[in-house]
Amino acid sequence: MAHVPDTPSSVLGVTPFMMVRRIVTVLTVGLVIGAVTAIAAIAFVEAVLWLNDLLLVSSYAKVQSGLSPTVLLAITLGVPMCGGALVSFIVFRLAPIHRPAGPADAIRAVQLQTSMPDTRSGLLVTLGALGSLGVGASVGQYGPMVFFGAVIGGLVEKLKLAVPNINAIAIACGVAAAISAAFNAPIAGLVFAHEAILRHYSMQAFAPVTIASTVGYVVANVLFERAPVFVVQTGVSLHVPEFAIFALMGLLSGVVSIVYMRTLLAGARIGGRIALPPEARGAMAGLAVGLCALWLPEITGLGQYTLRFATIQGAFGASEMAMILVGKIVLTAICLGMGFVGGVFSPALIVGSMLGGLVWTGLTALGMEGLAAFPVYVICAMMAVTSPVIGAPLTAILIVFELTRSYELAIASMVVVVFSNVVAFRFFGRSLFDMQLFLRGCDLSQGRAEAQLSVLAVRDYAVVEAPIFDVSLGQDAVRAELDAHGWSEGYAIDANGLFRGYLRIVDLGEGSPAPVSDILRPAQLMFDADTSVRDAMRLLKDFVGDAIPIVDRDSQHLVGVVTEAAIVRAYLDIVAKLRNEENAGL
């Protein structure tokens, strides 16, 4: 009879009761987080709209106020200035992390298997995003919703549930529910959590994330009847030659997406160099918002009306679309770089919609006939510009399909999105979030294993009983110490703890009392106290010996000694851990 291999549960010693309890726990986590996150996301959106009306940010509220033009002018300039100063104070002074946070923090927490920012920081940063959107800053609402969903999911870590990878799963559940509730797109929410946050599709994560995304959709669409982000007629007629145009528009969208992302990074870099208090920088950004509200209000705030009008042919002229495209990029960079807090998804949608409108308008001006309807180009370019920003092309395609229910439009957007991501990935990177993490010292471009190894310090793997001795010790005493430890190499320090070199047992004279200072060798390889396991693996390529000294770069003190075997073992442990996570079942 053929041998039946052990099931994973029997191999790991998991009893049927433990397995059932784990399944119930994981699915309950997805259910609860999905409901809580969806309600929080809806409350966030409603609070933004309420603030827009209360502070006379929306055009409708200004018209209904009945105030004089002079007073409205003062409010238009003063509200975003005061709001910018207040938001900067909240985020840079009160929040323990003293910086904005967003989806990049959720990605980092999952990929490096660390914790989310503390709850107080999460609440204050979300409050800052609410204030930013409430006063009309050109930032997005979906980033804060995703971040807050991840913060809610991160709270599960405090429950100490006996389930492997539960922290990452819970964060992904929060993210999926936020996207699902925001777009009324549960499939896109599910895919985004796996595509951008988890970056794997294990069954252990797939089931609870699916539940969270579904619950988010039910809460938003059934209980609260949220309106879709945009409405497009589903009757789409495409011609085969037009797919070549879509491919070219995808390439152009990739270029625009890169310009958008690089402008945002430049804004953050320039804003950080301005030697002013955070409140002053926030007020300056608010002044820019106020001036733009007087000149081109379509580029301020959430842009929900701009987005809806963008799908209507003739709502904007070509010159208006060009001004909105450029103005939205610049103002968003100013807002995010100078102190406001928010997302980058919504502004990218507007930038993409204007690009699509310009392309269609340009083609018709050239006399091309038989083109698909105006909204088709708008929607396709919208997703083509946005998907490289968030690093989720599949999600972008599914959002189109779920919102429009149009198979033809989904295919068209698929072509545009693919070509856009090819350009952006080649000349920028996987996403804006990955680039933000890279600038913070977290490189995900080489995979999860490399990223996790980069945050592990070799000093944490130092040998406790390594043969470290004073440089004045006699050779006979050192030989005895090496024999006692079973080592063939020893490491010398002086009276101040400074590293002086190493020796091999073959260098020692038989029974010689002479000090070892005369026979010390310079180290072939030394690690700094902050050297990561990833860097150590690369440096070990040509190394031959027992161990490597770890020396503080500044003081030259010997921190410890780490063996080659310990470093290799750390690498193998990480690889095995990730393999188990990516293939884990319920």
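All positions are counted from 1 along the displayed chain.
Quick reminder: no glycine exception, Cβ is built from N, Cα and C everywhere.
Annotation comment: TrEMBL describes 26-51, 71-92, 123-156, 168-193, 205-223, 243-261, 282-302, 322-341, 348-368, 374-400, 407-428 as transmembrane segment. Positions annotated as domain 'CBS' by TrEMBL: 520-578.
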* To do: Find the member of 71-92, 205-223, 282-302, 322-341 that has more C-beta pairs under 8 Å to the transmembrane segment (348-368) than any other listed stretch.
  => 322-341
* To do: Over the domain 'CBS' (520-578), work out the mean pLDDT and round it to an integer.
  => 89
* Structure fact -> DSSP assigns the residues of the domain 'CBS' (520-578) as 25 helix, 16 strand, 18 coil
* Structure fact -> Comparing 26-51, 243-261, 407-428 for Cβ pairs under 8 Å with the transmembrane segment (374-400), the winner is 407-428
* Residues of the same chain, at least six outside the transmembrane segment (322-341), with any C-beta under 8 angstroms of its C-beta? -> 84, 87-88, 91-92, 100, 125, 128-129, 131-132, 137-139, 144, 256, 259-260, 263-264, 266-272, 274, 278-279, 281-282, 284-286, 288-289, 292, 296, 298-300, 303, 306, 316, 347, 350-351, 354-355, 358
* Asked: Can we call the transmembrane segment (205-223) and the transmembrane segment (243-261) in contact, meaning three or more C-beta pairs below 8 angstroms at a sequence separation of 6+?
  -> no
* Structure fact -> Other same-chain positions with a Cβ less than 8 Å from the transmembrane segment (71-92) and lying at least 6 residues past its termini are 55-57, 62, 65, 98-100, 124-125, 127-128, 131-132, 134-137, 278-287, 289-291, 293-294, 338-341
